[in-house]
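Colleague: Right, I'll just put the structure down here and ask away after.
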């Protein structure tokens, strides 16, 4: 008897262990147990500084079986032993979720298959013994599953499926059949028991419902986690796309550099400035040469500030990062030249009789357009000569003999311009190489490449110049293009009245800047750029026009802006224009439609873009950057301007910005 009893206990222990084995002997449990048991004795020294022992820590300890053999004492065991008194007086933490309402045993009883046995028992008690009526056969016939004969030719219908039919014809009145519920009595005790079972089953259903809801919550949390993983993967994919675009630009830059070095003879030394040999930096792609220390600078921060101007910056451009920078400010006829390597002012460009509104620098050449209606070509290598140092003043001199042999002429807009002798060349050896006269109003924008220069002015004309001879070879009249346009402007297009066109006046109040200030905008031509024979201009009527420089005709007009266009740029695929209507529009060059529109809170005064980003000045103290891949906006503010930014120019990871606070900031991108 005793032997049988112990044998029974052994079988129960074996069964329990076999049931627990799949739960205990998981890879995670085995790995945790191995890690804990294999810790070195040096771990005992870190017990004092370890985390505080609590029930959560104790619950995370791996389960260890000690059947028969003593195991090695671990640091966790010592922690538990040392914290025994603390654990005894600590409050047992309350469980969260379903576990706070349902015990482990209650949840187990509600989910095991035996929880349905009461319902099965009650169903069986309601069965009534009756003659065979063939319900199974009727159900099979209804499902079209009954076969007439089996494979051996015998019927597959069993005797239980046979419908018993009394062949004798019944005569007389038909006897009423009694209800099935009256043929069987359950008794009070049975009914009471069933009522308690039903209540228990309902509780089980409630527990199972909570468990299912908890599983749904877990699934939702997993879905959220997967969504986060998906978002991260999408960001990684966008980063890969950005890297691909960067590599494409770098490859194109290397190809351009290879062509340049192959075309440049070895030991070639440039003696005189040759504009037509300078590659255009505004269309140059790929990385540029930077000092090695530039990588040590934190990104998106202004690390250099150039002070010296007394009025808001109106134009700026530089030859290369850490090269030569030329800036101009409002009502100052003398642009300043800076050495970006030392952050010092080299000198000034003296010669204009009005404020300078546009600048372009290519290598050692600089072109400036002024309110006096003239454009000047400068050699920046001659700025620091004795001519500049001796004649440098803060006030524009009235005597023209210190500049050239020409005379001053009053123009209709009350600005004075110099008529230079000897076909517009400077004869006194200063940095001014050539002067281009022809516009009757302030020159507001310019762009030159190779031997060609195109200027736009407030006299509502575009002029094409030959840099070699200094002659105007073509004049494009914007008013004529407006009057002969075959495209009807939109209903909200900025109107240009006939009176304004006749008198030649154009003045539009700018939207308020972020600091509340505003100006009168009088630059009818806000931006111009050409590539080959294709020319694109943006004007005060809010239209982007595409010109053929061989004929001087505007062959396409893009309407969409509702304010004057202040800046634009284009490449092989897109035209990007900024306007005082607080928007930037990206146009498709091939179709002429709007590809994308960016909205801002203030007017756009300057922009530049490449295949990856658009950098813009939008009437705020910071510089706006739009990532064209991720479609995200960011702002450069750290150590930035104290008043709104008006002008900017960048190359690769190097950016210069000029603001209404009269300072120039140099940024890392």
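Cβ from N, Cα, C; glycine included.
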Colleague: Pick from 202-250, 251-299, 300-348: which range has coiled coil per TrEMBL?
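Modeller: TrEMBL lists coiled coil for residues 202-250.
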Colleague: Give the one range among 436-475, 558-597, 638-669 whose Cβ atoms make the most pairs under 8 Å with those of the repeat 'WD' (306-348).
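Modeller: Out of the listed stretches, 638-669 contacts the repeat 'WD' (306-348) most.
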Colleague: Under 8 Å between C-beta atoms and at least six residues away from its ends: which parts of the chain pack against the repeat 'WD' (558-597)?
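Modeller: Answer is 282-283, 487, 489-490, 492-494, 508, 510-511, 521, 523-524, 526-529, 531, 536-546, 603-609, 611, 614, 616, 618, 626.
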Colleague: So what's the average pLDDT for the repeat 'WD' (638-669)?
Modeller: 94
Colleague: Tally the residues of the repeat 'WD' (436-475) by DSSP class, grouping H, G and I as helix, E and B as strand, and everything else as coil.
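Modeller: For that range the per-state counts are 0 helix, 25 strand, 15 coil.
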